[in-house]
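Working notes for the structure below.
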């Protein structure tokens, strides 16, 4: 038996089908859960990763979920009838599968260079945006599909230089229109390739400025750079102190100046992002620490969700998350000690909105550090996280017991 992917479509010749949801209730008491048995089949029919579907159930039903792709086991806490889950799945299909123009399900999720989500329709050719305010959008941005087309996201390169702005090319390469993936002509040179859609703003600005300059002949034998380990460390330290720190300080001061003492005039998320790009601090993980200290006041628990989409766009790696949590630690331990008891609620918001990963929250709550605050302050703050950490550990142990059965 199969049903229409778009259940509102009653055309007898409608050819897009999927299996109906199959589910069964497991356990009893506080540990009762609903196992969704055929998520993999539904995932295949919708061309969407199975975790997206289960996470959507969790967000819409207000329930915790357990996802084990390897074991093909997907659980949603609580009792949920298949009919109810099918209705919730309709919402997922409308928001994250069907084309916003022709309502055809032949779409792929595209993550653009600006970290926006769009549905690329293979039927009508249109691209329609998805709602970034939905919690699942944050999850998708942090866990992109295996094959992301359109934005042509590349896997992390093996060298650090390949992951910086400009694709690891020198300024002169960018000015000459060379691309990181430009084919070689056999002489070591590359053929210019123009990808205006993927090219970042900084590269375009460099090209525009460089096009007005005369060619300069560089003779390799006229100068040399000391590449000893000591010299590299010295230069790195000097750059960090004189450039990065200054730019981050300027960014933090700008936020506080714009917001005012009561923070009623806090810049919008768009303005915050544009200013960070202008000061070139988006690639510095320490921006997370600055944001955590500058954006919040006594109402931090409610304010976190207001910036959900922005944080998802900024906190793109564990290092960014670690710095953000360090900023939270400074905010509570040094500036608002009276708010330390609210830390479990703060962690709930960060966890439920997929801003900070479970791994980073566990690390933060179980090990003190003197990186951001004095050791004693760190212990006091992180000790307050214990109720939430205990809940996380209990949830994990319950899932393990279910798997053993």
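Yeah, the Cβs are placed from backbone N, Cα and C, and that goes for glycine too.
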| Between 23-82, 83-142, 143-202, which stretch does Swiss-Prot give the note region 'Disordered'? | 143-202
| note | Feature phosphoserine (Swiss-Prot), candidate list 369, 397, assigned to 397
| task | Calculate the distance in Å between the alpha carbons (Cα) of residue 317 (phosphothreonine) and residue 30 (GTP binding site), and round it to a whole number. | result | 34
| note | Least surrounded, by Cβ count within 10 Å, of the binding-site residues 28, 33 is 28
| remark: Sequence-ordered list of residues in the chain of residue 32 (GTP binding site) that lie 6 or more positions away and have a Cβ within less than 8 Å of its Cβ, or none, is 25, 26, 77, 78, 79
| said: By the count of other Cβ atoms within 10 Å, pick out the sparsest of the binding-site residues 27, 29, 31. | reply: 29
